[in-house]
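Undergrad: Quick one: structure below, then a few questions.
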């Protein structure tokens with residue numbers, strides 16, 4: 001085989017606008033009712049096929065490790081900045097599984113530039129994995145022209161669900177071949193009903209220099225007797241009901257607050273900044289609040305950078321489409 005060109009994209013993060021536990025499954029997971037929106041806090045991923053077997057992954061921080069460490073007020077070797085380059089990284093796992101499934105020769109060279117923090121509940125690792133599958137498929141098609149394009153959707157969706165519950169969301173609506181920003185997810189998060197937002201969503205996100213274990217958060221959860229429903233939120237986001245009628249919810253927020261003392265200050269500061277619907281995303285520790293406009297979000301984020309107690313990554317964000325555009329060099 002010959003080496004392919006470089007394929008690149010910008011994997012986005014996500015926010016859980018709603019997350020409720022419906023039941024505990026026999027496989028250890030929970031049945032969920034969750035609403036996810038992709039946001040423009042992005043990593044950068046570059047992939048190409050090589051003649052050398054395996055996945056050679058290089059990782060760096062886009063803004064530089066020194067700069068990010070200064071924002072977080074931690075040392076440069078702090079675990080918050082450490083990103084694995086072996087099969088603990090979902091990018092490596094995704095490309096290895098793609099190689100096995102398609103029976104490809106050779107391997108992969110990958111450059112991952114991080115912006116999305118780990119242990120934040122923002123789906124950064126899952127988004128990177130989904131993008132790796134998309135880029136890997138495109139690169140494989142370049143060097144193996146007999147690879148049927150008709151197998152793409154089935155293959156990528158199957159591998160994505162195998163790699164992680166959030167990974168299929170970041171592939172977007174492959175079946176309908178359309179760009180979307182939002183999805184209502186059920187099952188363990190892999191059963192997706194995609195939709196387009198009636199209006200762009202603006203928010204401010206705080207990652208309060210703390211990583212929270214997803215497994216520990218879920219282990220402290222209890223399934224409510226009367227779960228809340230996402231129906232009103234879904235209607236509002238799609239423009240079917242007035243936006244003033246919706247409320248956000250995260251069943252994981254209370255147990256996560258018990259695991260990290262950094263979550264409460266983030267929620268409190270977001271509320272004091274004049275933003276609305278302050279909540280944690282996913283299993284934490286990142287928290288967010290909604291803004292009326294990109295200008296309000298930018299002003300609030302700037303204020304929070306000077307008032308938040310301790311280190312944090314604070315960003316104004318807005319909704320974006322999935323999947324991200326692929327570039328070839």
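Every residue number used here counts from 1 along the chain in the order it is shown.
Using N, Cα and C of the backbone, Cβ positions are placed for all residues, glycine too.
Features from Swiss-Prot:
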type     : residues                                              : note
ACT_SITE : 14                                                    : active site
ACT_SITE : 166                                                   : active site
BINDING  : 117, 118, 119, 120, 121, 122, 123, 124, 125, 126, 127 : ATP binding site
Undergrad: Please list, in sequence order, every residue of the chain apart from 117, 118, 119, 120, 121, 122, 123, 124, 125, 126, 127 whose Cβ lies within 8 Å of the Cβ centroid of the ATP site.
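TA: For the ATP site the neighbour list reads 13, 116, 282, 286.
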Undergrad: Tell me, if you would, which residue among 119, 127 (binding-site residues) has the fewest other CB atoms within 10 Å in the structure shown?
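TA: Among the binding-site residues 119, 127, the lowest count of other Cβ atoms within 10 Å belongs to 119.
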Undergrad: Would you count the other CB atoms within 10 A of the CB of residue 14 (active site), including those on all shown protein chains?
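TA: Other Cβ atoms within 10 Å of residue 14 (active site): 28.
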Undergrad: Quick one: give me the count of other CB atoms within 10 A of the CB of residue 125 (ATP binding site).
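TA: The answer is 26.
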Undergrad: Work out how many Å separate residue 119 (ATP binding site) and residue 14 (active site) at their Cα atoms, rounded off.
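TA: That separation, Cα to Cα, works out to 13 Å.
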Undergrad: Taking just the CA atoms, what is the gap between residue 123 (ATP binding site) and residue 14 (active site) in Å?
TA: 6
Undergrad: Sequence gap of 6 or more, Cβ distance under 8 Å: name the residues on the same chain that satisfy this around residue 166 (active site), in order along the sequence.
TA: 14, 36, 123, 126, 127, 189
